[in-house]
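For reference, the structure is listed below as structure tokens.
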Amino acid sequence: MINLFLLKYKTAFSTFLKPFAYLSLILSVCFYSIQAQAFPVFAQQAYENPREATGRIVCANCHLAQKPVEIEVPQAVLPDTVFEAVVEVPYDLSLQQVTGNGTKGPLNVGAVVILPEGFTLAPKDRISSELKEKTKGLIITPYNEANPNILVVGPVPGKDHQKLVFPVLSPNPAENKNVHFIKYPVYVGANRGRGQVNPTGEKSNNTVYTSPIDGQIVKLEKSDNVTSFSIKSKTGDIITVKVPFGPDILVKEGQTLVADQQLTNDPNVGGFGQVETEIVLQSPARVKGLIAFFFTVILAQILLVLKKKQFEKVQLAEMNF
């Protein structure tokens, strides 16, 4: 009797928990999908520094198409000053990209700004209300603890953030002996849209797929999220190519192929770009000295003019006499 009661209780309890199990699974999948789009995280986990020795920013390893990007910073800044670094990521807002599940959706954007050593993200209490409004909706973070001068942001909706504003705090050489009053380079990389290569090295569903060999498609099979091509080579070997949903299929079963022939179109509408500029950390003493020099020159000019007029009056008086 007790065993029967326990069996019924166990069955009822399992039935009660089943919807929660499904809900948990759905939430975990959704959470994973959201995290899978967080492309700056991949670079942060794989590279200690996003700029390689060749000068290339590592985002280009996954975002293969080249697109323009612009950076705007002041020509010069004083020490311990908050200023704006504005990254522009232009693209056609009417474009739609292939999302992770193969459907079409809007593009997102992201950027990395590699500042000189000592330059950091401005503290919240140093940011003006106007600058806070410009950075609304952006979560800007240092690349890692070892590189607080490297700032990353994204992915964020591109329709709202074609201009990414970074609030930056300049260093003070009086407090940091590694910083000097000189001209420094600033490197910027920015992308719009998803990458063509996953961090694992596999192709994403946002790129073109080609045939690896000469042969014939003997079988073309579609499942829930993958299209499988069975290609028979001239030697009789069967090679299977799996294409995730997203790209449009350009071939059909029975078709003869040559190596590197496209099996799909290229759905990518985004791309990555990098650019560099320069900024001067200006000494206040130099600025004061320059102002004093200009004042001295102007004062000398005024005195010279007054002296000249006085001399002319003396000459005129002597002539009249």
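Glycine is no exception: its Cβ is also placed from the backbone N, Cα and C atoms.
Secondary structure from DSSP puts His63 (heme binding site) in coil. Cβ neighbour count for His63 (heme binding site): 26 (other Cβ atoms within 10 Å of its Cβ, all protein chains included). According to Swiss-Prot, the feature heme binding site maps to Phe39, Cys59, Cys62, His63, an assignment based on similarity to another entry.
Residues or ranges marked as signal peptide in Swiss-Prot: 1-38.
Residues or ranges marked as transmembrane segment in Swiss-Prot (evidence: sequence analysis): 287-306.
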Do you know which of the binding-site residues Cys59, Cys62 has the most other C-beta atoms within 10 angstroms of its C-beta?
Cys59
